[in-house]
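Before any comments, here is the structure.
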Amino acid sequence: MAMAAVTGARCLLPVPSLRFSKARPSNANFLKLKLPLGAPVAKFDLKDPPYPLDALEPHMSKETLEFHWGKHHRAYVNNLNGQIENSDLERNTLEEIVQSSYNNGNPTPAFNNAGQIWNHDFFWQSMKPGGGGPPTGEVAELINRDFGSYDNFVKEFKAAGATQFGSGWAWLVLKNGKLAIEKTPNAVTPILWGSIPLLVVDVWEHAYYLDFQNRRPDYLSTFVNDLISWDAVNERLARAKASVNLSTPSIPES
């Protein structure tokens, strides 16, 4: 199955965050972390990951989350708020900004920050503590149908992430009723050309360098084996089949 290398991305609805359940751990370090990391944002907020920052250890360290979410992701939010202030874009949703600022492949300055915010919200919700391994549910059936086997899917997905030159993303998407793998550079997202994202892995170096240094293939193996939230993928697939907007990264609350 061929992988599609693509060059643009963006989304169409607001990006709500997952609400923590009553079982959300009480983690003093997690709560304290939010205050010193940066100034408050204006129009768009920095969404919390759906787990404490140390919840993905030992597969993804708390330190990585502190830098990746707490500094890189926060900077995208703050920068976008500054870029759109007192402009026509200030009245738009994040997805509208992504779409309009992509500008048919000639991005305006707001695109990179808007696209990175959307992609990162989707990425955090693509993982969970105790995740990874073979999927269950309907997505497992579709993977077998469209890739031949789970092992074939893993091989193609990891190859997409490993061969994305420089910074970017590898995606499992629903396209024309079938599962496919796409890779996008920089801040680009498949929603720009109508693919429906189901899963994404971030292959920017800041996503893995503290834990894996230059060993991107090892990071990809860890993501697949230990971090993927197949619950999130199945929820997104169900919303896509129901013709509900899948563009929002949030997983529906039960």
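Glycine residues also receive a Cβ, built from the backbone N, Cα and C atoms like all the rest.
Where the annotation comes from TrEMBL, it is an automatic prediction and has not been curated.
Here's what TrEMBL has on this protein:
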{"type": "BINDING", "residues": "H68, H120, D202, H206", "note": "Mn(2+) binding site"}
{"type": "DOMAIN", "residues": "43-128", "note": "domain 'Manganese/iron superoxide dismutase N-terminal'"}
{"type": "DOMAIN", "residues": "135-236", "note": "domain 'Manganese/iron superoxide dismutase C-terminal'"}
So for H120 (Mn(2+) binding site), how many other CB atoms are inside 10 Å of its CB?
27
Need the DSSP three-state call for D202 (Mn(2+) binding site) to compare against my parser.
strand
With an 8 Å cut-off on Cβ-Cβ distance and a minimum sequence separation of at least 6, pull the same-chain contacts of D202 (Mn(2+) binding site), or say none.
N119, H120, F123, W169
Among H68, H206, the binding-site residues in question, whose Cβ has the most other Cβ atoms within 10 Å in this structure?
H68
In the domain 'Manganese/iron superoxide dismutase N-terminal' (43-128), how many residues does DSSP assign to helix, to strand and to coil?
54 helix, 1 strand, 31 coil
Non-site residues, in chain order, whose CB comes within 8 A of the mean position of the CB atoms of H68, H120, D202, H206 at Mn(2+):
W69, H72, H73, F123, W204, A207
Taking helix as H, G and I and strand as E and B in DSSP, count the residues of the domain 'Manganese/iron superoxide dismutase C-terminal' (135-236) in helix, strand and coil.
54 helix, 24 strand, 24 coil
